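Below is one structure, written out as structure tokens; the observations come after it.
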Amino acid sequence: MTTWDKCLKKIKKNLSTFEYKTWIKPIHVEQNSNLFTVYCNNEYFKKHIKSKYGNLILSTIQECHGNDLIIEYSNKKFSGKKITEVITAGPQANFFSTTSVEIKDESEDTKVVQEPKISKKSNTKDFSSSQELFGFDEAMLITAKEDEEYSFGLPLKEKYVFDSFVVGDANKIARAAAMQVSINPGKLHNPLFIYGGSGLGKTHLMQAIGNHAREVNPNAKIIYTNSEQFIKDYVNSIRLQDQDEFQRVYRSADILLIDDIQFIAGKEGTAQEFFHTFNALYENGKQIILTSDKYPNEIEGLEERLVSRFGYGLTVSVDMPDLETRIAILLKKAHDLGQKLPNETAAFIAENVRTNVRELEGALNRVLTTSKFNHKDPTIEVAQACLRDVIKIQEKKVKIDNIQKVVADFYRIRVKDLTSNQRSRNIARPRQIAMSLARELTSHSLPEIGNAFGGRDHTTVMHAVKAITKLRQSNTSISDDYELLLDKISR
């Protein structure tokens, strides 16, 4: 067994499986007496390995080889010419292979899920208070000069299916619930209320429910819309003196999906109509799925009776995906586009774009378009040039002691409480949150983070990260606190 083989066994115990396979397994180490040269393939990889895992590598080699040694980091690929003993992590991990798979573009055609028609009537009633009552002005209303028929709802996009939704810890509960209601509508989780920030996949999940439910039962009457269109449909039904048709259409749905329901808050007439529509569907065992950017009782201006009804079923969140999931999303997106994307470039983009999935995909498109325009492969260097503004923001230094101070102030405790041995809930939970934030926002290793929190073991940090990730899925208060702290620290 070589020195590096011994080191690998020890290093593996200090890292998650993902970290080990992603960052440690791909490197090559050449040993020449007391000189250890770590080959990292490129500059970005070298900087990351050295900054995040350098101390761990050094201490492990010292433990296995002795203190008299020199470690050098190279941004070049290992040549394969064995001068002395070459120590490797085994076959190079596929994760950082520059080979990519190409497939055909998927169709983005849309299909209309439900299009009931109503005939327009020439007579209209006065509707001067539309802006105040419904949130729309006269410009949003249809007129007699438009087409002779008016359609309710919106079409579902065929590209939004469960297979194209990348699952991770941040969304797996929401995805599982969505799949259940698409197979057995009205039986479980009614209503299903999905909430989370913009660009995190709520609309994708909602439309995937509709598309899959249609496959399961082609005869199901499925209506997909958003709150803006729902308001517009209602206003126009009044304008056309045909509210009965509006009610007949929406209240006869087997599955009703409404995106961004928060926008009906404060719209008295529309909110009342939705309330009665909700009751009619619920009492008849029909499935209701809603999305919002906020938890129901946090939607300002939403009637209490609606908040209460939203709580009848299951409320789940979708949060910003972790690094592993962000990488998977980028690779899947490039795959779907039939584009070549080296895995190391995907990792670079994922590490530097942490806002939402929409911006993550936007960054990917920017890199792919630039590389194609310049007839270059989408390398890390190309990504660095394309995303220099984003990187500049992300490179703002975040220190563990700053995280500790912000968290301590937020929970009204002392910084020394976070590093103490106290295990009471009001201290232990903020400590876990601070550890999780340190893991996400800094380049420090698990042992380094543990040491900053009173000399704790790296396994304690791993446990804290896993615990907080799980709690953010099930505990709204913890999730909201974490997002607020993330925002405060990242400013």
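Using the three backbone atoms N, Cα and C, a Cβ is placed for every residue, glycine included.
These features come from Swiss-Prot:
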{"type": "BINDING", "residues": "Gly199, Gly201, Lys202, Thr203", "note": "ATP binding site"}
{"type": "REGION", "residues": "1-69", "note": "region 'Domain I, interacts with DnaA modulators'"}
{"type": "REGION", "residues": "69-154", "note": "region 'Domain II'"}
{"type": "REGION", "residues": "155-371", "note": "region 'Domain III, AAA+ region'"}
{"type": "REGION", "residues": "372-491", "note": "region 'Domain IV, binds dsDNA'"}
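Swiss-Prot feature annotations superimposed on the structure.
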{"residue": "Gly199", "record": "ATP binding site", "Cβ neighbours (10 Å)": "16"}
{"residue": "Gly201", "record": "ATP binding site", "Cβ neighbours (10 Å)": "26"}
{"residue": "Lys202", "record": "ATP binding site", "Cβ neighbours (10 Å)": "24"}
{"residue": "Thr203", "record": "ATP binding site", "Cβ neighbours (10 Å)": "20"}
Across the region 'Domain III, AAA+ region' (155-371), average pLDDT on the 0 to 100 scale: 89
Composition by DSSP (helix, strand, coil) of residues within the region 'Domain I, interacts with DnaA modulators' (1-69): 43 helix, 10 strand, 16 coil
Extra residues within 8 Å (Cβ to Cβ centroid of Gly199, Gly201, Lys202, Thr203), ATP: Gly196, Ser198, Leu200, His204, Leu205, Thr291, Val318, Val357, Arg358
Structural state census, the region 'Domain IV, binds dsDNA' (372-491) (DSSP three-state): 87 helix, 0 strand, 33 coil
Lys202 (ATP binding site) in three-state DSSP notation: helix
